[in-house]
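*Asks:* Structure below; questions to follow.
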Amino acid sequence: MESRNFLRFLAISLSVSLVLFFTWVHLPYAPQPNTTTDLLYCSTNSPWCTSKNRFQSINKPSTADNILEKPPNPKHHKVHNHESDTPHHPLDPLTISEINRVRTILKSHALFKSSSPFAFHSVVLEEPDKTLVLQWKKGDSLLPRKAAVVARVAGKSHVLTVDITTGEVAVQETGSRSGYPTMTIEDMTSSTWAPLSNADFNRTIIQRGVDLQDLACLPISLGWFGESEENRRLIKVQCYSMEGTANFYMRPIEGLTVLLDMDSKEVVEISDKGRDIPIPKAANTDYRYSAQKINPEMMFVNPISIEQPKGPSFTVEDEHLVKWANWEFHLKPDPRAGVIISRAKVRDPDSGEMRNVMYKGFTSELFVPYMDPTDAWYFKTYMDAGEYGFGLQAMPLDPLNDCPRNAYYMDGVFAAGDGTPYVRSDMVCVFERYAGDIGWRHSESPITGMEIREVRPKVTLVVRMAASVANYDYIVDWEFQTDGLIRIKVGLSGILMVKGTSYVNTNQVPGQQNLYGTLLSENVIGVIHDHYITFYLDMDIDGSDNSFVEVNIKKQKTPPGESPRRSYLKAIRNVAKTEKDAQIQFKLYDPSEFHVVNPMKRTRVGNPVGYKVVPAGTAASLLDHDDPPQKRGAFTNNQIWVTPYNRSEQWAGGLFVYQSQGEDTLAVWSERDRPIENRDIVLWYTLGFHHVPCQEDFPIMPTVSSSFDLKPVNFFESNPILRIPPNVEKDLPVCKPAASA
């Protein structure tokens, strides 16, 4: 009984946080995490933070107290009590008091009054109509506040709209779509310990040589593979041994899978097909810094900190409106998307007006199919946003390591399964980045006789979140540049999902056997898999009515005798009339640029103003289109899609993703082939990664990143950062450590 209680506590701890021990990557020079004591803090009040116009004699003894000022709280705005939050903007997320109000209203509604069990799977702001938000100005009365609620009552899913002021509840029609809502944290928690009530399961664990007190289990979504899985919410549970390591992911009990009814918690089936496969050893799997044996000959990197004596250049007004340099945008955490960027505007350097760029952007879905068709692996085809909640899995960011010293931290306020609000602290950070990059430069050649050397530094603003979805960590950055560019970057780190094997060396593997991955260590295979991250981008270039233009770059041949050249390139513009014209698969030898333009607004010389997608992370899905996982993940069939704006079409995998069959996806919507020319349109972009694991990924992966850009194209009349000043010595502090005093 004591071990059962311990396991329940362990399962709850694992599921509530889906623990991913995201600390420090095991690199050859063994870096240490930054700590406050390692980093000098410079402020303009510090005698040792000097600049050329402030050199002066300071007759004070050299003590730590006067050389290093006490660092500020990494959260440079005071931690506030969310109980007192009030909305200031139509897009502000629901506050604690509003979530409590929604909970109270629904508990008195007829749907929830019966004794039937119910759970709230999502309680978020029902955003007002786009036209109303665009018309709203600061100082206007706040638009009516409503909540969008997804709930399950007596085994049936419901979508409701709750008017927070009037208390009115509208129940929406969900149609006959397949699938279930995003799991609640409580779903995941209860599923991990439910098998422990089954004697056959406990007996199997002991027979596999694992002490019950060392057991760690994870809830694994099972996709959809046929009629046998319909009409009940199912989940699979697989387990690991924690003995001797915090990195239990590297010690799978291979081949053991429990099929569970998520609602009744009934064990439907236990499959144990790995009894001859040993559990990998714990040696060398712990990635925590405290567990590392440091070679004294290894070189450490000295601590680096970018100081801002005058403080950050950005402000966050009313908790959610970010203003920096020539940018402003609304920022909020979201339990499914992670973060949502809205009403992004950039200031025109000539007119001074704030110009619309993007109405709304967020991570719509993540599709992660593993490439092992065997019994314990074929179903691992995750939809991390729609099944688990990308924002629900966001972990508190680590100051000085996830984000630099002068970062601003934003909390998420979400609703638990019973509707009770809770705070996910430090979920998002905002900071300025300077990494020595160059905004623009030119040095004149000496042969011209002109001594010109003009260089401008590039400083950017980053919005960051990190989600730990079980073993994997995703780092998502929205980076804003003063030249008008927005870079969206995804970093992959964390721990591989590995497969146990009887092999300890590749020389034991028969030549024709497919391991479905790479032997990383003794008895450990890293399974090949893909990552696809699909972004929703409601571009509003100087207004809502835009067009999508594919600028095809074609080889042209010169007529005989016309030129010494035989060929050149020509840009041919094709305006997409309907959705199928904008279904784009990238081709290396048939290149194009992809523009979103406002055809009704032109520059001084007549070009339509616009932005273009600069692709990267272009791995494409190679799965058959009729493979069940690819049917559900059909939004990865193209790298770019363009659809007409429809507020009901925001989640690329559909509203209800869990066990869905793929009939409510971006691919299905786009087949309607609706008009998109000079309309309010949404652009969808998918970043793709193929991951063939290697030994350097063991026991924890160095971060690999890719990004794509939204770049101005004829949006400005000329270089928008032409007038920014260069750095000069007098403006930059010089921080001196005690040893140099």
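The backbone N, Cα and C atoms fix where each Cβ goes, glycine too.
In case it helps, TrEMBL gives these features for our protein:
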| type | residues | note |
| --- | --- | --- |
| TRANSMEM | 7-27 | transmembrane segment |
| REGION | 62-93 | region 'Disordered' |
| COMPBIAS | 81-91 | compositional bias 'Basic and acidic residues' |
| DOMAIN | 181-280 | domain 'Copper amine oxidase N3-terminal' |
| DOMAIN | 305-721 | domain 'Copper amine oxidase catalytic' |
| ACT_SITE | Tyr472 | active site, schiff-base intermediate with substrate |
*Asks:* Looking only at residues six or more beyond either end of the compositional bias 'Basic and acidic residues' (81-91), which have a C-beta under 8 A from one in the stretch?
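*Replies:* Same-chain residues near the compositional bias 'Basic and acidic residues' (81-91) but 6 or more away: 97-98, 125, 127-128, 132-133, 136, 138, 142-143, 145, 318-321, 330, 332, 342-343, 411, 413, 423.
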*Asks:* What mean pLDDT score does the domain 'Copper amine oxidase catalytic' (305-721) have in the model?
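*Replies:* Overall, the domain 'Copper amine oxidase catalytic' (305-721) comes to a mean pLDDT of 96.
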*Asks:* Measure the Cβ-based neighbour count of the residue listed as 'active site, schiff-base intermediate with substrate', defined as the other Cβ atoms within 10 Å of its Cβ.
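*Replies:* Total other Cβ atoms inside 10 Å, all chains included: 25.
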*Asks:* With DSSP as the reference, give the number of residues of the domain 'Copper amine oxidase N3-terminal' (181-280) in helix, strand and coil.
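*Replies:* Taking the domain 'Copper amine oxidase N3-terminal' (181-280) as a whole: 31 helix, 27 strand, 42 coil.
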*Asks:* Per DSSP, how many helix, strand and coil residues does the compositional bias 'Basic and acidic residues' (81-91) have?
*Replies:* 3 helix, 0 strand, 8 coil
